[in-house]
Amino acid sequence: MASSGHGSGRQEAADRRLRLIAGHLHPRIAASECKAEAAESDPVRAKTVPKRRQEVMKWNGWGYSDSRFLFNKKGQAEFTGRRYRLGGLIFPSLKDWFESTFGANLQHKSPPTAALNSSAITPPNLNEPFLQDLKSMGIPHSLEAEDRVFRAHGHCLHEIFALREGRFGRLPDMVVWPNCHDDVVKIVELACQHNACLIPYGGGTSVSSALECPPDEMRSIVSLDTSQMNHILWIDEKNLTAHVEAGIVGQELERLLNESGFCTGHEPDSMEFSTLGGWVATRASGMKKNIYGNIEDLVVHIKMVTPRGVVEKSCQVPRMSTGPDIHHFIMGSEGTLGVVTEVTLKIRPLPEYQKYGSVVFPNFEQGVACLREVAKQRCAPASIRLMDNAQFQFGHALKPQVSSIFTSFLDGLKKFYITKFKGFDTHRLCVATLLFEGDREKVLQHEKQVYDIAAKFGGLAAGEDNGQRGYMLTFVIAYLRDLGMDYYVIGESFETSVPWDRVLDLCRNVKERITRECKERGVQFPPMSTCRVTQTYDAGACVYFYFAFNYRGLADPVHVYEQVEHAAREEILANGGSLSHHHGAPKPMSDTCETTNQIAAYIQSHGLLRPRFLHLVVHDGVVDAKATEDDERLCRKRR
Amino acid sequence: MASRTLYSQRDPALKKRDDFEDILEERRNSSDLKYALKCYMPVLYKGVTPCKPSMIKTMVLQSEQLRYVVTELSKETGEATEVIQGEALAILEEMAHKLHLGTVRFFAYMLNKAFKVLYQRIRVNEDGIQRLQQAIQEHPLVLLPSHRSYMDFLIVSYLLYTNDLALPVIAAGMDFLGMKFVGEMLRMSGAFFIRRSFGGDRLYWAVFSEYVKTILRNGYAPIEFFLEGTRSRTCKSLTPKVGLLSIAMEPFFKGEVFDVSMVPISISYERVLEEALYARELLGVPKPKESTSGLLKARRILSEDYGNIHVYFGQPVSLRSLAQGRINRSQYNLMPRHISRRPGEDVQVFVNDVAYKMVRLQEESMVLRPWVLVATILLQNPHGVEAVWLAEQTAWLRGLAQAFGAFLDWPDHISASRAVASGLALHPNLVCTERGRVRLATEPKGPGARAPEEDLFNHAVTVLSCASYRNQVLHVFLRPALLAMAMDVAPTSRKDDVYSCFGYLRDVFSNEFILCPGAEVQDFDEACFLLTKCSAIQILKQDIVATERGRPTLSFLSAMFQPFLLGYQVVCRYLCEEVAESLPEKSYVAGVRSYAVKRILSGELACLEVLSSDLQKNVLAALLRMGALRKSKAGELVTLRVNKSAINTIENTLGGRVSTQKPVLARL
């Protein structure tokens with residue numbers, strides 16, 4: 001009785017959880033569709049990402065083919081498709097915001113080349129013996145142009161911009177789809193044997209150019225697509241761990257765990273498409289890390305196939321003290337050391353209750369002070385984010401058309417209260433969005449504590465809706481970028497990790513630097529440069545920047561963009577920030593990431609995995625030469 | 001490296017400069033009272049709300065920086081933090097400004113009255129004011145005026161008030177506080193007071209630097225201070241002091257502000273109020289202690305004509321762009337920012353370079369009146385010249401100065417003779433015209449024989465006053481003149497020899513003139529460029545030779561700087577001949593002076609400028625820097641130990657002789 005009661009409670013929780021996830025992901029169809037599929041297949045079988053991803057997803061933009069922003073005939077922005085809650089909605093104020101922020105105009109379009117022209121693509125440079133052996137093993141593969149193009153890029157601006165213009169650089173020469181860890185071992189061995197180059201490919205959401213094929217690579221490049229390795233192999237309820245194949249996509253992992261009443265709680269903004277292996281390889285961070293931790297806190301065990309064999313620990317324990325932790329050099333290696341195939345993760349029972357919230361502050365300074373206090377008292381909710389004024393305006397422009405006069409009346413009243421009664425300046429105020437999770441009672445208690453702190457810094461509670469819309473922005477921002485690119489607006493995001501005392505200075509200086517650099521480089525219209533504090537830690541915070549501008553009149557917009565971004569990163573470093581908090585090291589600045597490179601050099605001495613940093617590595621010829629000799633000996637022995 | 005960019009190789013004569021407008025004219029035609037009570041609503045930096053002086057004090061006292069130092073001191077000395085905090089408060093009380101609009105209006109009223117009597121015109125570049133207005137809103141501002149008169153304190157504030165711009169907070173020496181009433185008045189018009197020396201006092205340093213940085217960081221007011229540290233008594237720019245400048249830069253280095261704009265301001269006086277006072281001071285009559293009664297006595301000066309003032313607000317210089325590629329700001333990331341530490345080598349060099357750059361920018365925009373050219377010529381001809389010849393010579397020098405990029409205020413329609421005449425008229429105390437001959441004025445021999453020293457002294461006052469006008473133009477001719485002198489003293493005309501002599505002279509004189517450290521090559525190139533341009537020299541493959549046409553130019557240039565060359569040699573002689581091995585530092589100036597007086601009276605030496613204590617101190621600094629003198633401290637007493645052979649070498653090299661040769665020119 002008790003157990004069944006408990007079970008049904010859990011079932012209920014799972015359902016609620018599903019609805020919530022669906023709330024910001026796939027509200028209408030996803031849930032029912034998945035359920036239907038789940039019923040007819042293996043219970044821990046994920047909905048497979050198709051091998052031919054281009055059938056569901058854009059080949060030259062973000063996300064699903066059927067989901068995109070566009071300006072309709074009436075000049076109103078709308079979001080197509082039925083996958084998201086936003087599908088079919090009208091955003092009346094987006095156009096005005098878009099035109100006034102960027103100086104853009106709906107008359108001036110910059111559409112992408114319509115279709116992928118396969119004939120423009122160089123034929124693959126095949127490694128015949130490798131191909132033959134692969135075929136004999138029965139591992140699926142493809143040489144098709146569309147498949148190769150899809151896996152030749154991540155989502156950096158320059159990559160997408162080139163695709164939209166129909167320009168392709170060096171492509172992988174073939175794509176392979178291993179089905180399990182053993183397949184990967186075989187593929188890596190074959191590559192070793194036949195001197196082929198491997199690039200692991202997970203969700204393809206990389207923003208650090210890690211998927212770019214080196215143009216001067218003479219060997220055959222094989223893209224190793226992990227999408228078919230997407231099973232939860234087991235769940236250990238006693239230890240609260242789950243052993244999962246690395247190719248599983250974030251949303252599927254959550255959905256499947258939810259069905260069993262669990263979750264990982266790891267929700268990076270890209271979780272719809274990014275994979276577990278990718279998270280490990282890039283040191284990902286999820287929005288609810290305050291409760292669940294970042295990927296390095298979540299991982300218990302990693303299995304990685306390297307050119308010199310499989311790397312894994314012999315036990316699945318919470319902590320060990322036997323030299324440096326091997327996990328810490330796998331995490332963040334971005335596919336340069338090996339292919340992550342299986343991961344054991346911590347899991348948690350699904351939270352009983354979830355609640356959004358938001359707080360309005362009179363200015364950004366007060367908001368940061370509040371977040372700092374929250375971090376100090378260690379009472380941060382699952383997520384707490386502070387958007388600056390520009391981003392608040394941005395979020396505001398994404399308010400869907402309201403259906404009833406009553407809602408619009410209420411909105412007006414709220415605005416009146418905040419600006420007139422409380423005296424907030426609409427051009428200075430900023431909003432913190434909150435997400436609470438846990439037991440219902442505790443959540444309510446927690447909520448009160450946070451709102452009390454906020455009140456000390458002049459913050460006013462501003463409702464659940466504002467909070468929820470704030471989180472929505474992060475899921476649709478990449479779709480919005482595609483919309484911008486249709487109208488001469490390009491942009492991207494970058495992020496940093498910074499000590500508390502420097503947060504304000506860094507935000508101000510970086511934004512100003514961006515504005516100034518754009519002006520100096522001939523950008524005709526003032527850029528949008530806005531930031532939010534997205535994570536809080538004891539010793540600092542993660543700050544996330546959006547930067548976009550109208551490039552009409554520029555000969556080489558991507559180059560200008562890259563120069564400005566480089567300057568912005570330089571400014572970040574000068575102000576005490578790091579190059580990255582979770583995106584991974586941006587390629588042009590990777591010279592600052594020396595330590596991992598040197599380890600990488602040792603492991604890569606076979607040159608099998610794409611040597612992303614190799615040109616920067618060798619500083620001390622003697623040591624390296626020696627290391628290589630030792631390697632040779634080792635290799636001979638092994639053979 | 002960086003000094004390479006300090007000025008362009010472009011022809012300085014083509015420099016674009018703004019036009020001036022007279023602001024006194026309007027004042028003469030309208031009510032002073034109305035002006036003093038005008039509506040004053042300045043725009044501030046990024047629209048900050050104005051902040052009461054008392055608020056700033058509180059912010060400083062509560063700052064982490066200060067609290068940290070207080071705790072540290074309390075740990076070291078064992079005193080309670082409250083006591084030290086109290087001391088800090090006392091320092092702050094003594095230091096802080098109390099800007100009060102009423103007082104500013106009062107000053108505006110009084111200054112209006114005074115200016116209209118004293119000066120013919122006060123001319124300001126309006127474009128500069130416009131730029132300033134823009135700059136104030138964008139970034140925190142540092143105003144860096146030249147400093148040649150007490151008037152500098154008031155004039156910038158006066159101009160900003162007139163143009164409805166934010167009033168600056170001005171760093172002033174503590175000695176002003178000695179003046180009853182006036183010190184407090186200055187305080188209420190925005191001055192803050194700092195001790196002249198506080199080397200070891202950490203608490204003082206902490207309060208002071210935090211005070212400056214708080215004002216700057218928050219952009220409450222532009223900070224104004226004098227890079228030269230003190231009024232230049234010689235009208236030559238002084239070697240910049242970098243302490244306050246490096247404090248003002250720190251908020252940028254630490255990322256607390258996006259940028260800092262520095263605006264050089266050149267204030268040139270046709271006739272400096274303190275003219276005669278300065279000359280006496282240089283001759284050893286100590287500076288009168290600032291006192292209110294002294295100021296009242298100075299009313300006498302109200303009856304004289306002081307000509308024009310030119311104020312040139314230079315282009316705001318962005319600290320960020322100067323630091324680009326030179327300063328790695330990440331070095332400040334590894335320590336909490338409230339802990340101050342000694343800046344790194346690169347930062348020190350950078351600050352120093354910027355200081356020099358700013359002083360050079362001040363120099364370049366100093367307006368020169370024809371009179372300074374006249375004074376230059378007269379000094380080279382102490383026995384007087386024909387008025388006609390003087391006019392011709394002045395016209396010639398005008399051409400040369402313009403070719404070298406001087407900022408001459410000499411409209412084309414005014415003939416040389418008129419320009420000379422108006423200059424002479426403004427300085428009746430310095431020159432006299434008798435029967436078509438112009439010469440430096442000497443006091444009429446009064447009844448009763450006076451001591452020859454007294455005569456000498458009186459004559460020296462005239463010469464030094466006159467020299468202070470010539471000094472205004474020196475920066476224009478400095479580099480070419482160094483080259484001319486180097487060609488004189490170099491053993492051969494080979495480029496290498498000339499260059500090494502140039503470098504040597506440059507080094508010796510680097511305490512005397514503004515010569516950016518590390519910029520030998522650029523200076524040499526510039527000198528070559530300018531002298532080639534006026535075809536005074538020819539640069540051959542291996543050699544640098546004077547052209548026939550250029551000889552007068554070269555000898556004129558050498559003669560212009562001859563007093564300095566002689567001065568340095570005399571001091572060296574003194575140290576070799578009169579000093580055994582060491583002498584107390586205190587008796588140095590008096591010693592040199594009496595030695596020089598003896599030489600002059602005996603007729604061996606004709607150059608009176610040697611008597612200038614400014615020159616003597618510069619030689620001392622140069623010799624210390626070059627290691628020919630060494631300081632040693634025993635208790636209170638500082639002794640200078642003389643390295644005779646080093647001094648001998650310097651003296652001989654300046655004289656253009658190899659040290660073993662029998663000195664010929666040494667008998668000055």
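Just so you know, the numbers here start at 1 and follow the chain as drawn.
Backbone N, Cα and C atoms are what each Cβ position is placed from, and that goes for glycine too.
Since this is a predicted model, take the numbers as computed values, not measurements.
Positions annotated as active site, proton donor/acceptor by TrEMBL: A:Tyr544. Residues or ranges marked as FAD binding site by TrEMBL: A:200-206, A:269-275, A:282-285, A:334-340. Per TrEMBL, substrate binding site is recorded for A:Arg481. As annotated by TrEMBL, domain 'FAD-binding PCMH-type' applies to A:168-350. The site 'Important for enzyme activity' feature in TrEMBL is assigned to A:Arg385.
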Rounded inter-Cα distance in Å - A:Pro200 (FAD binding site), A:Arg481 (substrate binding site): 26
All-chain count of other Cβ atoms within 10 Å of A:Pro200 (FAD binding site): 30
Cβ neighbour count (within 10 Å, all chains shown) around A:Ala284 (FAD binding site): 27
For A:Ser274 (FAD binding site): intrachain residues, at least 6 apart, with Cβ closer than 8 Å: A:Gly202, A:Gly203, A:Thr205, A:Val249, A:Gly250, A:Pro268, A:Ala284
Integer average pLDDT (0 to 100) for the domain 'FAD-binding PCMH-type' (A:168-350): 93
Residue, out of the recorded positions A:Arg385, A:Arg481, whose Cβ gathers the largest set of other Cβ atoms within 10 Å: A:Arg385
Other CB atoms within 10 A, centred on A:Ser270 (FAD binding site): 25
Spatial neighbour of the residue listed as 'active site, proton donor/acceptor' that is closest, considering only the binding-site residues A:Gly204, A:Thr336, A:Val340 and their CA atoms: A:Gly204
Integer Å distance between the CA atoms belonging to A:Gly204 (FAD binding site) and A:Arg481 (substrate binding site): 17
Nearest-integer angstrom distance between the alpha carbons (Cα) of A:Thr336 (FAD binding site) and A:Arg385 (site 'Important for enzyme activity'): 33
Cβ neighbour count within 10 Å of A:Val340 (FAD binding site): 30
Candidate nearest A:Arg385 (site 'Important for enzyme activity') in space, where candidates are the binding-site residues A:Gly204, A:Ser270, A:Val340 and distance is Cα-Cα: A:Ser270
Structural state of A:Ser274 (FAD binding site), classified by DSSP into three states: coil
Other C-beta atoms that fall within 10 angstroms of the C-beta of A:Gly204 (FAD binding site): 23
Mapped DSSP class for the residue listed as 'substrate binding site', helix or strand or coil: helix
